[in-house]
Amino acid sequence: MSRFFDALGHWVVKLRWFIVVAWIAALVASVSLLPSLGSVVQNNFQNFLPAQSPSLRAAALANRIQNVNESLVVIVVDRPTAPLTSTDATYVARLVHEVRHVPRVLTVAVGAISPTRQAEQIEVLSSRSQFSDTGTKALVDAIDGVIASSHPPAGLAVHPAGAVATAVAQAGQNNTNASNTQLFSVLFILVLLFLVFRSVLAPFITLIPAFLVSVLAGPIVARLTSVLHYQVSNITQLLMIVLILGAGTDYGLFLVFRTREELQRGFSGAEAVQRAIARVGESVSFSAFTVIAAVLSLITATFGFYKGLGWPLAIAVFIMLLAGLTLQPALLAIFGRAAFWPSRPHGRGVRVGWWGRVAQRVVQRPALTLIVGVVFFGALAAFAPQNAPSGFATTTTAPAGTSAAAGNAALSRYFPHASYNPTELVFRFRTPIWDHLSTLETLQSAVSRSPLFTQVTSPLAPAGFPISVTELSALHARLGDPAKLPPTPIGGISPVVYSQYRSLKNLIGPTGRTVVVEASLTAGAPGSTPAINAVPAIRTFTTQLAHRVGATTSGVAGEAPASYDVSSASNHDLTHIVPIVIVIIALLLALVLRSVVAPLFLVVSVALSYFAALGLAVIVFMKFDHQSGLIFVLPFMLFLFLLALGEDYNILVMTRIREEAHDLSMREAVVRAIGATGTTVTSAGVVLAGTFAVLAFASLGQAEIEEIGFGLALGVLMDTFLVRTLLVPSSVVLIGRLAWWPSRLARSGHLEVPPPRDEVDRVGLEAEVRGTLEHDDA
């Protein structure tokens, strides 16, 4: 393997200018010829559920009332200080006329009027599918444009509202989040690299490949969605940026630090780069393949969100690996020693440094270090079982400051029973409900009396005002199907009653066989942990009520049941995928370390780190911040990234210990290896944690993204500074050369094929390490 990377280093140095030009050409072609990643992003987590999920089956029942190939946008017109005036009515009529000319709009009708007569709704039905992000964006943007050019009367507020307008606003914020995350991550990494290298060019040389791949990979991933048949969520988009910039910079640090180390030994720039690739190319490659293997295991998931993480992240990391092994060393070869100006990395050898002195303390008391570390991490891990899943509240909440947020606020204020985010109890009957309207009384009474629900909207209370069965029967006999009525009231019927009856088209299907009862949940907001926990009871209640009223089929639709199903699918995948990932990574570790013992305690160290990080997240977000639970994806993300990226650092540290162990004792090898890699590992960990923290800060107040970002950042920092640099070295010292079993290094202290080393370096390093140990022992 070392011969391969030595040859690779030779050709990369020789073809350095060609490699740089080739990567620039690939970037231009990708951005110019392929679609953007944002154009294929899915924002509704319900879209990722398995087809047989109870919430999806219930939603399919409810869709018999509303055509899924159509989308409804509500425009709320309100005057906050007084009832609507005749001038306002004239404006509304003109607005209705203008919106009818928006492409793909089918109907525009004036809907419900608020009891205070301060607001009314305009319902815009379009032939654009509610599940088409590009189509709904075009619709909402066109409506916004009409509203902006319509010049409402002074004091009159006009805003789009509802689920479609909210989804479009969220998509816009997701794109902003992605841009902010990329920009602020680059700035953070540059500042950190300036502090690490104290050099002008080295930070840019380290970051350029990662930044280039972060731009280049998005269009490639977007193009491959139709080939590999995966879906991309907004979280995937953000995590891909963070992973490329964070892990890509880490791989760059591995190579740049080793190049500087070779320069310090007196080699020329080209020789130093070639030697650096020969020595860390295998570590970088196996580190990347560890991440790729971990994320590719996600394609076995049942939850489409996790399945959609697999291919995009694997593709991105593979492209980053190619850049790390070609573009990164090519840039270093071009600049040579000038890359580290104004520092002068030559003529003074390699010193053990601060981390070497820390390691020296660890190897003197390895048992104490390990015991203290296990007790500390165990105490944090004890809080992990207290985690309770919560949903993604952002799936139904428009970003603050957007027009959709203002419209939703007006909708909630003036039409509390017309909430755009209700929980829906759906019932399917053998015969039209119009033939047995008394059934509606049973439904209304049972749901209203249940402690599970508040603010019930049913066919007998369609807009907050009750209608008796007798009145409803008379209206149906006179007016017929509510869905076929024109917006203008028929003579002899009050506008309020007529508006109420027309609104039944959203609660009773065209055939009259499907009935929906909408309700708010007593447990709280649909995405909250209490609401998700209440779903089993709500489903049991609905099933029992369906039997009572003679419905053939029933279900519960909405955010709470969807979040429950998402959480269940997530938990199932966590227990299913975790063993696969552990086995795959253990096998990769066994290959790169030529050992079956080392992978065992390394995987255990990551497991301990994972549960401690999860416990710390519970303490921070649930105990201190008083949240009801952790976002359902955080435990999975913590496991995936801590295991995959934690093993990256394990590979770097353990391969260096193995390299040193063929010349030195285990204690001396650990001190030498940690001294040489400690700064690299901690710098890489801070870079990765920092990019996750930037993800949180750039989320523009989205609490769930903040939770993911900060949770991962805390986990990475704890793993970097405590596990990789303290617990793992102490474990290696306690196990001794048995850690390399069954390789011959476990018996003889010599590698089967020792890597080439300079004798002067070996003697000097042995003297330095032994001198440090003897001085401290004294």
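These residue numbers are counts, starting from 1, taken along the chain as shown.
In case you wondered, yes, glycine gets a Cβ from its N, Cα and C as well.
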Stretch carrying transmembrane segment according to TrEMBL (options 18-37, 238-257): 238-257
Chain residues in Cβ proximity to the transmembrane segment (367-384) (below 8 Å; excluding those fewer than six residues from its ends, i.e. six or more beyond): 608-609, 611-616, 618-619, 623, 722-723, 726-727, 730-731, 734
Range from 183-201, 284-305, 311-335, 574-593, 600-624 with the greatest count of C-beta pairs under 8 A to the transmembrane segment (238-257): 311-335
Per-residue pLDDT averaged over the domain 'SSD' (603-733), given as an integer: 81
Chain residues outside the transmembrane segment (721-740) and at least six past its termini with a C-beta under 8 angstroms from it: 355, 358-359, 362-363, 366-367, 369-370, 373-374, 376-377, 593-595, 597-598, 601-602, 605-606, 608-609, 646, 649-650, 653-654, 657-658, 661, 666-667, 670, 674, 678, 681-682, 685, 746-747, 749
Among the ranges 183-201, 311-335, 574-593, 630-652, the one whose Cβ pairs under 8 Å to the transmembrane segment (600-624) are most numerous: 630-652
Sequence-remote partners of the transmembrane segment (574-593) [C-beta within less than 8 Å, at least six residues beyond its ends]: 282-283, 286, 289-290, 293-294, 297-298, 300-302, 306, 599-600, 602-603, 607, 635-636, 639-640, 643-644, 647, 650-651, 654-655, 658, 740
Which of 284-305, 311-335, 630-652, 673-701 contacts the transmembrane segment (183-201) most, counting Cβ pairs under 8 Å: 673-701
Stretch contact, the transmembrane segment (284-305) with the transmembrane segment (673-701), Cβ-Cβ under 8 Å, 3+ pairs: no
